[in-house]
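Working notes, structure below.
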Amino acid sequence: MADYQDKNVVIIGLGLTGLSCVDFFLARGVTPRVMDTRVTPPGLDKLPQEVERHVGGLNDEWLLAADLIVASPGIALAHPSLSAAASAGVEIVGDIELFCREAQAPIVAITGSNGKSTVTTLVGEMAKAAGVNVGVGGNIGLPALMLLDADRELYVLELSSFQLETTSSLQAAAATVLNVTEDHMDRYPFGLQQYRAAKLRVYEKAKVCVVNADDALTMPVRGADERCVSFGVNMGDYHLNRQQGETWLRVKGEKVLNVKEMKLSGQHNYTNALAALALADAVGLPRASSLKALTTFTGLAHRFQLALEHNGVRWINDSKATNVGSTEAALNGLHVDGTLHLLLGGDGKSADFSPLARYLTGDRIRLYCFGRDGAQLAALRPEIAQQTETMEEAMRLLAPRVQPGDMVLLSPACASLDQFKNFEQRGDVFTRLAKELG
């Protein structure tokens, strides 16, 4: 447990995570100062009166006078104000670092470009099925500091690359990097390897590293070692096995579950299940209750979620596909009886869209591209693409064309912030329009 007495603490960024940091310090007799670049950040009205605040920008004077800065993952460490503070010797951490210094129970730490939330939630469900007092959160649900509880027996945290950059005390009982594909390139000017390096920090001091046998970028820098357990489609300690038209989850050659018993569907979800099982096994959760959790888990909203099935047409909401890798995961191994009507678009965050091209072949696919980077996406295969300003226009365009056996899939490969509040709002609008048009 760290001692923060008499420390001059500055918290950057409000919202739920910022407020959890304020509460953390107040409970330890330290009154922090708070700043936020937004003029009216969420949570401002919930800030106790004694806490000094500075909004609408950063206060360099406060930062340089601080002993400790707790930075929101939303602000880049490369920001000139943070760089100056770091150069002056000020310690900069995030809420996950504060959490790791306090947590008394084992931690399962999950990162990756795609699938993090599903795997985090699944491991949490496996722990609950075993009767374990588990805290689940971090980058999803509740901020980590709100999970701290002396009675907890296990923590399961989803961690972003930004959170890992400011974390050095994590000693995970089991850690995984599920996959590494281009995302947030606007925050990583040195490209994919810089982003990967942030993700791989999760393995430092971990007891067990769960790696993806199909993605070399998920391996620790020095290569796989005796701490590593692997999962993959055809390879790995945990893998898929197809026999007589049926698919099984297998562990080291032993069949453990037929996927038809699972409510999740799609190859990417089967590998998510393998990763979750590997993590659960690594921290000693009973295999039987973990498998039971796999048969009852229905998946998370906006992640390849069936919004409507009507007149033989399936409308799928995969709004959480905010990067290219996530859309690749949705398209890889996808079976559609008729034509796939694929909705792509939004803010591509400077990503390279070309890896999608190999999934856009044949004559049973149509593209509807919208938003800031719609033109770039339409250029992947212009002869089957139509470009509109908004997703709603695209959906009204495609609705009269769908036939029984077709699928309408929103898997945009882009962030939503150019036209929506967040990916959830985009998914909700898609679902509402699907019910109206379908």
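Note that Cβ sites are derived from N, Cα and C of the backbone, with glycine treated the same way.
Per Swiss-Prot, the features are as follows:
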- Gly112, Ser113, Asn114, Gly115, Lys116, Ser117, Thr118: ATP binding site (BINDING)
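Same-chain residues with CB within 8 A of the center of the Gly112, Ser113, Asn114, Gly115, Lys116, Ser117, Thr118 CB atoms, the ATP site residues themselves not counted, are Ile110, Val119, Leu178, Asn179, Asn272, Ser326.
Proximity of Lys116 (ATP binding site) to non-local residues of its own chain (separation of 6 or more, Cβ distance below 8 Å) is seen for Ile110, Asn139, Ile140, Glu158, Leu159, Ser160, Leu178, given in sequence order.
Within the set of binding-site residues (Ser113, Asn114, Ser117, Thr118), the lowest number of other Cβ atoms found within 10 Å of a Cβ is recorded at Ser117. In sequence order, Leu178, Asn179, His268, Thr271, Asn272, Ala275, Ala329 are the residues near Gly115 (ATP binding site), counting only same-chain partners six or more apart with C-beta under 8 A.
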